[in-house]
There are 2 protein chains.
Amino acid sequence: MSVSHCLTGDKVAIDAFLDQFDVFLFDCDGVLWSGNHIFPDVPETLDMLRNRGKRLVFVTNNSTKSRQDYKAKFDKAGIQANVEEIFGSSYSAAIYIARILDLPADKKKVYILGESGIEQELASEGIKYCGGTDPNMRRDIEQEDFDALADGSALDPEVGVVLAGLDFHVNYLKLAYGLAYLQRGAVYLATNTDSTLPMSKSFFLGAGGVGAPLVTSFGKEPLSLGKPSQAMLDAVEAKVKMDRSRTCMIGDRLNTDIRFGIDGKLGGTLAVLTGVSKKEEFLADGAETVPAAYVEKLSDLLG
Amino acid sequence: MSVSHCLTGDKVAIDAFLDQFDVFLFDCDGVLWSGNHIFPDVPETLDMLRNRGKRLVFVTNNSTKSRQDYKAKFDKAGIQANVEEIFGSSYSAAIYIARILDLPADKKKVYILGESGIEQELASEGIKYCGGTDPNMRRDIEQEDFDALADGSALDPEVGVVLAGLDFHVNYLKLAYGLAYLQRGAVYLATNTDSTLPMSKSFFLGAGGVGAPLVTSFGKEPLSLGKPSQAMLDAVEAKVKMDRSRTCMIGDRLNTDIRFGIDGKLGGTLAVLTGVSKKEEFLADGAETVPAAYVEKLSDLLG
């Protein structure tokens, strides 16, 4: 049985832990900040890691924002980060489609259920798309749509992928297009399948909720490009040079972040207690997902 | 192991079978018609049963139509039916809420995810509702909505039930309201949970698809008031006087119609082969759901 070590307040243990890794993958919400509240001494902690020569990658399931959008969030929080250090699930999907998925030449277009963040990231990899924020799709479904979807005349024959993410403008028409493409054999991907979205100190529908109609009506699950799916780690690896044995995942959620690192056979995982999971969950006898180490808060790594 | 008997062409067996029952519950699509195509001699078959003194009840999972709306479909098809003979899943839900569910006096309002058929049926039982076709709900969600849903100020304190049905005008705002009411303890009902909707000779998103975001994001399944849920049979029974042992369910789908009759311990089930299920499915060794008898088409009952 694995045991998680507390690093908080133990400078020798912290140094030994950090020395094991060249790359740190960071979850953001619950680690760097909670909503609009920035945790103390986060910039200093990241600076310390960079000064030690560590490579930092911020891995987020947020699919509505592009890396550029997400960078603005870092700026606003007063946390220094480069676009190259940010890895969102939309970008993960774009990398996966462009560099890992082997689509036939005439089936390279992506039908998007989602917002502009997905569009920007697909464009950044030169991938053609339709759906998404297209204003023509923001309307009620009509009988002619049913007919034209059923006989296929409404469909773009180049579409070979359906990519579902968080869409605040979801409607029946957009879902019906997605389902029709899936029924015709499109590859079924999701930026992430988080069932809920933390907002305004409550929980709303996440990408997994908004996309659930396709899962239910099509009868199959998508391949997720977000944590804890290993497809996201494959996508990170397709972009970031890293030795998994010298990479550590830092996160607040056992079932996504820590699971992501363990399944990916990373050299280490570090839990922070400023988010969702409590230490009792992984210190309990028979706990399923146990991080290699934990700190009360990220800045405890400053020693 | 039960064996299904073929009645087609066997007048003696037909008479003996019909004599066992006073009430016949009919599925409609796949039994009386398929889309706009009416099967031959359906009116004559129904007349024959009525002339023998049988009570007929048409049991449909269609939730977008009220009984009155559905009666118009019968009229158009040239099939005689009274509104009292029609039992849709919206009406089933209304009966269930009004006569079976015991709601606190200050929690009797229903939040609807669905179309006017549900509204009409709730109104017919004197049930107050919100959501549904409210034009104020047909818009994008805004930050103020997130805040007002999170702190509850947007919510109607009288709502004690969320009722999800097929909604062609589904959007994030309506789903977010539904989720917020569920999170505050509303009873979770669905008119039906059919994953697909047959339309224009293809399959679109059914009530179970459209409502799937609530299931995924809330993390619980609704009680369905449509076939094969026994709650629908309870609702039929709350309205129609019937002796289950002298009632027969007629339908084309093993996993909904026939399962509905078997689970309800009805006296009999009769499959027709003009719809989804094939006889090979229930004649096979070890078949799970086996109708007591079957005919090639409904009018075979004319002998």
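Please read every residue number as a count from 1 along the shown chain.
Yeah, the Cβs are placed from backbone N, Cα and C, and that goes for glycine too.
Caution: TrEMBL annotation is automatic and unverified by curators.
For reference, TrEMBL has these:
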| type | residues | note |
| --- | --- | --- |
| BINDING | B:Asp27, B:Asp29, B:Asp252 | Mg(2+) binding site |
| ACT_SITE | B:Asp27 | active site, proton donor |
| ACT_SITE | B:Asp29 | active site, proton donor |
| BINDING | B:Lys227 | substrate binding site |
At the level of the C-alpha atoms, what whole-angstrom distance separates B:Asp27 (Mg(2+) binding site) and B:Lys227 (substrate binding site)? 9
Residue among the binding-site residues B:Asp29, B:Asp252 whose Cβ has the most other Cβ atoms within 10 Å: B:Asp252
Please list, in sequence order, the residues in the chain of B:Lys227 (substrate binding site) that are at least six apart in sequence and whose C-beta is under 8 Å away from its C-beta. B:Asp27, B:Val59, B:Asn61, B:Ser89, B:Asn192, B:Gly251, B:Thr256, B:Asp257, B:Arg259, B:Phe260
With the Mg(2+) site defined by B:Asp27, B:Asp29, B:Asp252, which remaining residues of that chain have Cβ atoms positioned within 8 Å of the Cβ centroid? B:Cys28, B:Gly30, B:Val31, B:Leu32, B:Gly251, B:Arg253, B:Asp257, B:Val272, B:Gly275, B:Val276
In which DSSP state, out of helix, strand and coil, do we find B:Asp252 (Mg(2+) binding site)? coil
Counting across all protein chains shown, how many other Cβ atoms sit within 10 Å of the Cβ of B:Asp27 (Mg(2+) binding site)? 24
